[in-house]
């Protein structure tokens, strides 16, 4: 017999304005406001600092929105960006860079302790100096949202508000390379027409060897618009690429962009490929990776999550051979092309599912491993390490992470003695890849005990 259920009505929480004192920052740089009265929830609020007394508006069960700062912290600074209150990009400009770095180091320590990587009562972590970035104008890649306002006949270009689809129109971004927004602003008159803007998804601006504008389009642009873009590209010496649902093509005359390795090798890429946003700090990070791994001409290396070869090519310059393993086929192919174009015959590329990677996929064991996974981490590679015979495990492992929670989980897995993993941490540092934001980049180097 069919049974019919009447859906329960959801109780909408009524927003209240409350006063409270911030006790700490959580791992996402949100202020923690403990419940002052029984029945109230602990709230997590972006934009406030420890010790501050604030007025906030409740949202949902545990969130809140900062309304006013009644008693500011001495650590608070004047925010330099006029869009900071509404833009969803930066979320940490209200505290200086040194304290940003101190907070990020503390987050890593707390997570390492939580996952059992170390016990502060009996040991300490071998922290080295952080790799520090320029605090502003460091981004060489930005992605901008667009919306065509039909009634006003106007194209909005900007960043989205935090936790919102609303677009904040901007003319400049203080953390972006000045040339990026200059290119977009110069191109704006050609985009601000119904025939173009109504077909526009988003815009990506990149600057490595030369500026690149990637236009995401939902349908083909008319011939006169294409001609205008072609002329603009020539005059402004900026390459334009068009991306549709199933295709990515440069305009005629647009060259393939490239990044440059620490050895001067060219790393060609397509717009849309993964590229570290902070070019200056990326160079220092790769150099530190070489210093920590110490590859030699007698050694074989696995580079997992290799991308377009950011670590693979410098490793190949120093090691006997490198196997670059990447989950995205197109980028694995790009690594192969980059090795070939730079005259390297000791670098091979493999496209494989890194969640299910096995020793038989890789061939001969490697002396050194390099890992640079996305936020979900490298559980599949950790499982591979556990399954290897002790004599087939690498001498050193370098792990670069943009997510400290999955980093802590994976490092704990690599140190698991019950799995026969006899490693110790010999290097650890934060990498200032994303100043003015709560995002954390970390490098860890493990060495197998003799």
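Glycine too: its Cβ is placed from the backbone N, Cα and C atoms.
The structure displayed is predicted, hence computed values, not measured ones.
Taken straight from Swiss-Prot:
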| type | residues | note |
| --- | --- | --- |
| BINDING | 81, 87, 90, 173 | [4Fe-4S] cluster binding site |
| BINDING | 276, 305, 310, 326, 353, 372 | S-adenosyl-L-methionine binding site |
| ACT_SITE | 402 | active site, nucleophile |
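Overlay of Swiss-Prot annotations on the structure.
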residue: 87; record: [4Fe-4S] cluster binding site; contacts (Cβ under 8 Å, 6+ apart): 81, 158, 159, 161, 162, 168, 170
residue: 90; record: [4Fe-4S] cluster binding site; contacts (Cβ under 8 Å, 6+ apart): 81, 84, 175, 436, 437
residue: 173; record: [4Fe-4S] cluster binding site; contacts (Cβ under 8 Å, 6+ apart): 81, 83, 89, 139, 142, 159, 180, 181
residue: 276; record: S-adenosyl-L-methionine binding site; contacts (Cβ under 8 Å, 6+ apart): 282, 285, 310, 433
residue: 305; record: S-adenosyl-L-methionine binding site; contacts (Cβ under 8 Å, 6+ apart): 325, 326, 327, 354, 371, 372, 373, 374, 378
residue: 353; record: S-adenosyl-L-methionine binding site; contacts (Cβ under 8 Å, 6+ apart): 327, 380
residue: 402; record: active site, nucleophile; contacts (Cβ under 8 Å, 6+ apart): 374, 375, 433, 439, 440, 441
| note | In all the protein chains shown, the tally of other Cβ atoms within 10 Å of the Cβ of residue 372 (S-adenosyl-L-methionine binding site) is 23
| Entry from the binding-site residues list 81, 310, 326 having the most other CB atoms no farther than 10 A | 310
| field | Non-site residues, in chain order, whose CB comes within 8 A of the mean position of the CB atoms of 81, 87, 90, 173 at [4Fe-4S] cluster | value | 83, 84, 89, 93, 159, 170, 174, 175, 436
| Three-class DSSP secondary structure - residue 305 (S-adenosyl-L-methionine binding site) | coil
| note | residue 87 ([4Fe-4S] cluster binding site) falls, by three-state DSSP, under strand
| message | With the S-adenosyl-L-methionine site defined by the record as 276, 305, 310, 326, 353, 372, how many Å span the farthest pair of C-alpha atoms? | response | 22
| said: Helix, strand or coil for residue 326 (S-adenosyl-L-methionine binding site)? Use DSSP. | reply: strand
| message | Can you tell me whether DSSP puts residue 81 ([4Fe-4S] cluster binding site) in helix, strand or coil? | response | coil
